[in-house]
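Taking it in order: structure first as structure tokens, then the write-up.
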């Protein structure tokens with residue numbers, strides 16, 4: 001028996017309600033899908049995936065299915081309820097509450113979120129399931145600050161796929177766009193069985209990296225540009241040519257262009273233009289070091305086979321563990337040195353006054369700060 005309380009999310013195919021379950025004696029989420037909005041095959045696929053993920057040993061960071069019902073008009077999936085909603089809305093609130101002079105009171109444990117998200121993805125892949133729609137809107141947050149990966153409606157029980165229009169455009173891997181595969185795949189009456197396959201796990205790795213970028217900066221790496229002939233990621237060619245210069249232009253330069261000049265200390269200007277306050281990422285240098293790790297391990301363009309979530313996790317663990325075991329002042333200076341070395345881009349697309357060579361690098365050890 002369920003008592004619907006209120007709608008908490010409405011999408012193209014389904015509406016999700018918060019409800020009280022007398023059977024489970026807890027709040028639950030009812031995902032109600034009208035039968036005319038989806039096929040029986042699609043719903044069966046989602047049900048089968050959720051049944052596997054919600055087996056006798058469900059993963060703590062995956063939103064489990066508690067029950068399932070159907071009648072003449074609707075499919076009703078009973079899911080775990082997460083009190084704090086999704087990360088997209090949560091960060092939107094944090095962004096509106098915070099500013100350089102009055103930072104947000106909401107703090108998010110970035111290290112925990114990354115590890116839990118990677119653990120959930122790895123668990124699903126170990127069961128032969130790829131999510132195919134990883135994004136902040138599908139990451140739910142509990143009252144304890146833990147995450148649960150949700151909405152497995154696009155999931156597939158296969159490491160390979162030739163579906164090129166699955167997922168959310170801003171987070172989709174480049175190989176899943178029609179503009180980056182053979183145009184013959186999209187001709188009318190084309191036999192999809194002969195279309196080239198992409199690796200669904202490696203596509204998930206890309207989406208993971210794009211999602212973490214959004215969590216750090218509140219802005220997607222790319223936006224999608226569409227036309228009748230081609231669909232592609234806007235500015236993607238710039239990223240493919242030089243990802244570090246692209247990230248510098250997109251995320252660093254805007255934070256330097258708000259009234260700062262050549263003489264302004266880059267260290268100060270970056271620190272004062274932080275967008276979010278992370279519990280375990282106390283400064284912008286940690287954030288941009290994480291950017292480099294993601295580019296090196298997750299956001300590979302030309303060869304998706306080089307993407308590795310295992311390498312990403314190992315490098316992140318190494319960076320955090322190294323910092324925690326070192327003297328804080330020495331560690332902080334190392335991070336500044338690393339930032340200067342990695343992000344000293346010199347490209348004509350970056351105005352000269354925003355290039356690192358025109359800023360004085362802080363020397364905390366020498367100055368005794």
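Cβ coordinates are placed from backbone N, Cα and C, and glycine is handled just like the others.
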Next item on the list: For the ATP site that Swiss-Prot lists with 8, 9, 10, 11, 12, 13, 14, 15, 16, give the additional residue from the candidates 31, 35.
Entry: 31
Notebook entry, point to check: To which of the recorded positions 8, 10, 14, 16, 133 does the lowest count of other Cβ atoms within 10 Å belong?
Noted result: 10
Checklist line | Shell of the ATP site beyond 8, 9, 10, 11, 12, 13, 14, 15, 16, 31, same chain only (C-beta within 8 angstroms of their C-beta centre) | finding: 32, 33
Checklist line | Helix, strand or coil at residue 133 (active site, proton acceptor) [DSSP, three-state] | finding: coil
Checklist line | Among 10, 12, 16, which are recorded as binding-site residues, the nearest neighbour of residue 133 (active site, proton acceptor) by Cα | finding: 12
